[in-house]
Amino acid sequence: MFLVLLGPPGSGKGTQAEMLASQCGFVHYSTGEVFREQISKKTELGRKVESYVVSGGLVPDQVVLAVVEDFIRQNLGKAIVFDGFPRTVPQAEGMDRILAALGLAVNGVALIDLSDEEVIRRLSSRRQCRNCGKIYNLSFSPPRQPGVCDECGGELYQRKDDEEATIRSRLRVYKEQTSPLINYYQQQRKLVRIDGALGRDRVFNELRRMIEKWK
């Protein structure tokens with residue numbers, strides 16, 4: 001089974017993908033994690049990815065798709081949940097071609113919907129430890145002592161990514177990229193919307209219900 005999770009920043013895609021991995025046996029494809037793994041292994045693909053990352057450029061679709069194809073081939077026969085991929089219609093088309101060549105296809109696409117204001121509320125509440133990198137949310141998972149990391153006692157700070165002006169900019173980019181992607185999967189009759197405001201566990205239950213239908 002191949003499942004795609006879409007949603008704005010802060011919608012909980014990564015959390016849901018991790019829950020599907022730990023509770024339902026899915027393999028979690030996270031673009032950033034897979035890129036880092038390829039780079040650390042010093043593979044040919046990893047060197048290509050690193051050359052773009054180091055220069056601050058976007059990794060081109062042909063390289064991204066080569067990484068995705070390698071991941072799929074390494075995990076044939078396993079259920080995969082894609083988090084943070086595809087980001088654009090050309091990437092979605094590329095993945096469809098890769099899967100079709102293997103006699104496979106995307107089974108379903110879940111769009112975890114969240115209002116702009118809720119995205120801003122969630123992300124602007126995030127704090128990260130300067131020392132160990134652990135992330136907290138002042139609304140959902142605050143540290144025991146304000147401003148201090150539970151794990152190592154390090155100072156907590158707000159990343160620039162999580163300031164309101166930056167979040168609004170990220171939302172604009174997300175909408176520009178994702179609207180065509182939503183239409184693409186709607187035309188394939190594969191997309192379902194889930195209300196991200198339901199909370200982590202209810203969203204997960206909805207996902208599991210949809211997965212049973214897609215099997």
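Heads up, the Cβ atoms here are built off N, Cα and C, so glycines get one too.
TrEMBL labels come from automatic prediction, so no person has curated them.
Together with Gly10, Ser11, Gly12, Lys13, Gly14, Thr15, Ile135, Tyr136, Leu198, TrEMBL lists one candidate of Arg126, Arg189 for binding ATP, that being Arg126. For the recorded site, Thr31 (AMP binding site), the DSSP three-state label reads helix. Between the alpha carbons (Cα) of Phe85 (AMP binding site) and Cys129 (Zn(2+) binding site) lies a span of roughly 27 Å.
Remark: secondary structure over the region 'LID' (125-162) totals 3 helix, 13 strand, 22 coil, with classes taken from DSSP. A count of other CB atoms within 10 A of each Cβ picks out Cys129 as the most crowded of the binding-site residues Val59, Cys129, Cys132.
Cα spacing between Val59 (AMP binding site) and Gly14 (ATP binding site): 21 Å, rounded to the nearest whole number. Listed in sequence order, the binding-site residues from Thr31, Gly57, Arg126, Tyr136, Arg159 having a Cα within 10 Å of the Cα of Cys149 (Zn(2+) binding site) are Tyr136.
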